[in-house]
Amino acid sequence: MTWTLSNHSLSQEDLLNLESLFTLGNGYLGVRGNFEEGYNVGMTSIRGTYQNAFHDIVEIPYGEKLYGFPDTEQKLLNSIDAQTVRIFLGEEEEPFSLFAGDILSYERLLHLDQGFSERIIHWRSPAGKEVRLHFRRCISFTTRELFAIDIKIEPIDFFGAVKIVSTVNGDVSNYVGLNDPRVSSDHGKRLRVSQTGMKDEMIFVLAETVASKLKTVCVSQHCIKNIDYNCDLTHVGSHSECTMTFQLTKSVQFTKWNIYVDTLRHEGNLIEKGIELQRTFETKTFDDLLAIQKQYVTNFWEMANITIDGDDALQDGIRFNLYQLLQSVGRDEYSNIAAKGLTGEGYGGHYFWDTEIYMIPVFLLTEPEMAKRLLIYRYKKLEAARSRAKEMGHKQGALFPWRTISGAECSSYFPSGSAQYHISGDIAYSYIQYFLATGDWSFLKQYGAEVLVETARLWIDIGHYHDEKFKIDAVTGPDEYTCVINNNYYTNAIAKYNLLWAYKACNLIKDKDSEAFLKIFSHLALSDDEIIDWKKAGEAMYLPYDEKLKINPQDDTFLQKAVWDFENTPTENYPLLLHYHPLTLYRYQVCKQADTVLAHFLLEDEQDFDTIKNSYDYYEKITTHDSSLSSCIFSIMASKIGYHEKAYDYFIETARLDLDNTHGNTKDGLHMANMGGAWMAIVFGFAGLRIKETGLSLEPIIPKQWQRLTFRLQYQNRKLEVVMEQHQVQLTLLDGEALSLKLYGQEVFLQMEQPIFIKKQLQAIIFDLDGVITNTAEFHYQAWKQLADKLNIPFNKEFNEELKGISRMESLEKILIHGNRQNDFSDSEKMMLAAEKNQQYIKLIERLTPADILPGIKQLIKDCKKKKIMLALASASKNARTVIKALGLDNVFDVIVDAKTIQNGKPDPEIFLTAANLLNVEVSSCIGIEDAAAGVEAIKAAGMYAVGVGKKETFEKADYVVEKNDELVFEEIIKHYYANA
């Protein structure tokens, strides 16, 4: 695809998905990729035209309605249809249809770099009339009301009468689907035609919603260039038509200009307003429109484009996703980004937290003005959020709706809807991120402070103190398979951030602009004590932690539940929400999506690396990723932890989710949050970008499958370009004042026209102990041999090789199995046997001296110190510190990680990841040296460069192998590292 999405399929199975994929939009208007000429009778099509935020209000039916349940919800409506253009050939008026006659060639294209779509068709009718048809359509980015269609008809083996019938149809309905909570199941027809007619050679349809009383009109005009034709305008019932007839003797170009206006955004007489806008195009051609469109799109891609060298399919995916986000983002105070954008009717066209957490980041760092408008939309709904908080029993604060269009709550199922209080924190979080990324003080004073204050007030009202900790009960986190629980980690963490920033923002404004602060103070009836209370509650916030597992539990009771039986769950039963009652899901440890893992991304400074890694490992096993919002977050956090293969695999799932229809519901509209998440997986994941109070930082690690990754971003009125390659990173300040930022934890100073090239720096070497630094393997052998002889188990040096790199208890189990005595001892007896072996081993290692350091190691350590390379020890032995002290190396290593400090032994990468984290270095900047295959496997799983000591055939996964320890020469290791790392 590169810059063009192409298709040659006409199967019914693909058509509905393609209607979503070929949607055109501009943030106000969206038109699904339906065929102008229509389909055969009996074929299913979701024919849709949508105006962002144009909705009706419908009653929510309840069997049992309780206090606080919303009475009504808003629904995005399928609006007036102006797509239809039917073509008839010959006096007998044979209709053009792709489902009749012969298709001699067919191609459908969406041009991401030009902003229009087209179909190119060579067709022969059943009666033998042969023509070539070229359909083009465009929704203008610069004139939001405009949707234009252009059709070129070229005679091949037919010359004669042609009739074109163009329709504007108000008899439209919303798509209704049963048994899927993601699709509307009722209220199909909510738009009523008020008036049809024609004026000044234009046709129009005016319609009004049933309950919200919003009105919209579509005004259309038509033209055919350079040919005589007859034109007949009619209007009957709910539609208006333009019928044009002419003799086809040469190529003919027909253009249909459609203008949509509505009472949300336009004042006065809508019909007159539509006609007025139409007149501005009377002298324009479709090619004029495309020229303006191309310039707009080019400007967008100048900052938004991401270039991937190394995988064309993923390159296609990320560009398609970014373009669809551009087409769906609301650009005024009335609209936002719906879960499905303007591509379909899934989720009723509602706005969720998806915008703030998954989509605003894209615009914040590429088109910050668009991010600002999205935040202003939320600000304009602040009064409704205050009202909702009161309705829910709160004395103060603002509770933003879980799903909405106009600002009122639309969620009828409160456990996974209204209970998700975290949305108020998510919105506050996005305001804070906007301030940090732009430095926009005026926005903070005019909008941000009030949102932060009102959301902070909500947490104070909903929370309470218990055992000197601030706790929040009866809420639901992002994971909708676990509902209405106490102290959801994500909710509490986002609330803490919200509270502390509300305190901070007030003090920042007070220090910088006391007059502005006094206005805010007075307007919001603030008190000094209230502001201090936010700080107190934030600092006392309870964040669940489990000492045994060393993780953050998702909530107070999550770990008490049984784990879902994943092994015996049929593949066809996913997503689980379509096959199991919610209560069944609530009773188990099973996550629909990232919850605690998401909190660790957004608020990574709340926990240490080990807790973040342990939590990731735990939740990954029980997360289904049934939500499209999940894989991108697991990709980002896998990048942070050092699971680079996992990060890449999760990114693949994210990047092409809709193009490949991996969730099976692309027909209902595209997954906008996932599309933003794919961008986040690149920028926050592979590039390791973070925006904090301390500034901008990057920890780039390019996937090994790619040669180069290039992207641009805007940060505090500056434009930057990042180029990541396998061996270096280049940062360029394209525009703006000089900037100080952190790259790989080091401060760098970036100036205009002075790019910084940083080669991948070796920062640390992590050594195994046995067989690398000294040979305690002989002592291990002697100690195990003595125990095996006592147990009458055959034991020799060849079998001893199998014990290298694994723990004491694992070694004992292998020996017992080898002697067929694994069932002869209880667990406590096995512990005693292992202790007996260890006591004998300790007696033996007491004989060690510095003379027992293996050849070449002292010089290697000396050279590392000279080059300021940090050193770490990663040993599976619990006696590692004793050995190192005996060798006289106890002051050499910056970090020592042994079996006492980790949960998982090699080949699990934990020991190497822990060492890198304690050293505070990126895994790609580390070399690991091992003499065991399990150790090399652990190094590679950690994402490090692996050096093996021994026979080459033993180390298939190693990057560099030496046969003897004295061949561990610093210069040679460095040379191979920079050549191949």
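For all residues, glycine too, the Cβ spot is worked out from N, Cα and C.
According to TrEMBL, the feature domain 'Glycoside hydrolase family 65 N-terminal' maps to 8-226. Marked as domain 'Glycoside hydrolase family 65 central catalytic' by TrEMBL: 319-680. Look at TrEMBL and you will find 689-748 tagged as domain 'Glycoside hydrolase family 65 C-terminal'. Residues annotated as active site, nucleophile in TrEMBL: ASP768. Per TrEMBL, the feature substrate binding site maps to 768-770, TRP784, 803-808, SER811, LYS837, 875-879, LYS906. Per TrEMBL, active site, proton donor/acceptor is recorded for ASP770.
Distribution of TrEMBL features across the structure.
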{"residue": "ASP768", "record": "active site, nucleophile", "Cβ neighbours (10 Å)": "28"}
{"residue": "ASP770", "record": "active site, proton donor/acceptor", "Cβ neighbours (10 Å)": "23"}
{"residue": "TRP784", "record": "substrate binding site", "Cβ neighbours (10 Å)": "23"}
{"residue": "ARG808", "record": "substrate binding site", "Cβ neighbours (10 Å)": "23"}
{"residue": "SER875", "record": "substrate binding site", "Cβ neighbours (10 Å)": "25"}
{"residue": "LYS878", "record": "substrate binding site", "Cβ neighbours (10 Å)": "15"}
DSSP-assigned states of the domain 'Glycoside hydrolase family 65 C-terminal' (689-748) in counts, ordered helix, strand, coil: 0 helix, 37 strand, 23 coil
Distance, the residue listed as 'active site, proton donor/acceptor' to LYS878 (substrate binding site) (CA atoms, angstrom): 12
For the residue listed as 'active site, proton donor/acceptor': DSSP state (helix, strand, coil): strand
From binding-site residues TRP784, ARG808, SER875, the one whose Cα lies nearest ASP768 (active site, nucleophile): SER875
Cα-Cα distance linking the residue listed as 'active site, proton donor/acceptor' and TRP784 (substrate binding site), given in Å to the nearest integer: 15
Distance, ASP770 (active site, proton donor/acceptor) to SER875 (substrate binding site) (CA atoms, angstrom): 8
Assigned element (helix, strand, coil) containing ARG808 (substrate binding site), judged by DSSP: helix
Per-residue pLDDT averaged over the domain 'Glycoside hydrolase family 65 C-terminal' (689-748), given as an integer: 94
Alpha-carbon distance [ARG808 (substrate binding site); the residue listed as 'active site, proton donor/acceptor'] in Å: 13
For TRP784 (substrate binding site), the three-state class that DSSP assigns: helix
